[in-house]
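Before any comments, here is the structure.
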C-alpha cells in the first residue's frame, strides 16, 4: 500500500476514521488506484480531498500504525530539489478547482469537523445506553428499582460527559477546519454552554445555555476564525500574542450572545420541527424514502452532511428518530449480501462477502458497499429497497436512538424507549434483512453480474 500511493515523497500526512485510512497525497498522478484496489483487505478507494482507503473497523487502526512505522523508518529523499509544500499547495488548489461544487465543499468541511468525534460518540453513547437500559430491564423483569444505584449514576456521568461538552469539541474542530486557533474555537464553543449566561437578558429575553446548539457553534467559530486571521494581518508581530486572541475573543463573544445564539436557536428549532414534521406527516412513506436513500448517500459521502441534524435532534428532543431509519441502509445491504452468498459459485465473491459480513451486522456498511453490492450494480438497488421497507417499519413504530455513531446490531443499547423501543428496532432490522435478501435473491443477482470475480 505504501508503494502504491507513491512512498514517502508523495505522502503529506495521513490519519484514519472508523473505517478509512485517509492519506493526503502530494501528486495524485503517482497513486496507482487500480493496484491499490487489488490489495488484499482493501474494500474500496475513494478520491476526494484526501485519498480514502476503505479497510474496515479495527483493522484500519493497525494499518495506520504500521504505515507510521514504515513512514518513519523510510530514509527516502527527493531526487529533485522540489518544494514539497508548494507542490502540495498547488495540488490542493487544482483539486478545489475540479471540485467547485459548493455542496461537496460544505459536506467535506462538516466531515472534517464531526468525523474525529465519532469514536467518542460511540463510546459515550453505548455507556449512556447501558445506563438507561439496565435499570429498565431490571425493573420490568424483577421489579427492582436500580435507577439510583451508584454504579448506574457513574455510568450516566461517564456517558453524559460528551453531550455536556460537545460544543467545546465541535468548536475546536471547526477552528481547525477554518484556519483559526483551536483553543479559541473551544472557548467560543464554551461560551454557548456557559451556565453563567442564564442570568443575562438580551433584547428582553434571558439567554439559555446551549441555545442553538451545534448550529450556533458552527456559525460562531467559522466567523471567529475569519476575524482572527484578519486581525493578525494588521497587528504587529510583537503584539500579536496579546492583541489578536483578546480582540478576537471579545468580538466573537459579543456576536455569539447578541447574534449567533438567537439566530442559531431559530435555525436549530426550525430544523428539528421540519424533520419531526416530515416523519409525523410522511409516516411510513417518509421512512421508506429515508431508508432507501441512505446507501446512495453513503456511496457519495453525502451522509456526513447529516451529522449536525442528528446531534441537533438529540440536543432539542433527547433522541433521534432519523438515525434509526437511516441505519436500515446497512441492514438491507446485509440481506442482499446473504442472498448473493446463497446463489453465487464464485469463490472470491464468497470470500469478499464472508469477510465483510461480520462488520456489516455491526453496522459498518462500507466494506460490503464498495466490495460487493456497488460493483455488482443490481444488488445495490435491491439492498436500497430492503432498507426502505425496514425504514418504513422503524417509522411505524417511531423508534429513536439516544446517540449516533454505530448502527446494525450495535445500535440496540442506544435505542430509546426500553424494551418497546428495542422490539420496534428488532422488527425494523429483521424486515430490512429479510426484504434485502428476498429482493436480491429473486430479482437482484445473476452469476453473469459477477464477471470481475473468480
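Keep in mind that glycine also has a Cβ here, set from the backbone N, Cα and C atoms.
Quick look at what TrEMBL lists:
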ACT_SITE  17  active site, phosphocysteine intermediate
DOMAIN    1-77  domain 'PTS EIIB type-1'
DOMAIN    108-454  domain 'PTS EIIC type-1'
TRANSMEM  106-130  transmembrane segment
TRANSMEM  150-172  transmembrane segment
TRANSMEM  184-204  transmembrane segment
TRANSMEM  210-227  transmembrane segment
TRANSMEM  248-268  transmembrane segment
TRANSMEM  274-299  transmembrane segment
TRANSMEM  352-373  transmembrane segment
TRANSMEM  393-415  transmembrane segment
TRANSMEM  422-444  transmembrane segment
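Per DSSP, the domain 'PTS EIIB type-1' (1-77) is made up of 26 helix, 20 strand, 31 coil.
Less than 8 angstroms from the CB of residue 17 (active site, phosphocysteine intermediate) sit 60, 115, 116, 118, each of them six or more residues away in the same chain.
In this model, the domain 'PTS EIIB type-1' (1-77) carries an average pLDDT of 83. Counting Cβ pairs closer than 8 Å and at least 6 residues apart in sequence, the transmembrane segment (248-268) and the transmembrane segment (184-204) reach three or more and so form a contact. The stretches the transmembrane segment (106-130) and the transmembrane segment (393-415) are in mutual contact, each linked to the other by at least three Cβ pairs under 8 Å (pairs 6 or more apart in sequence).
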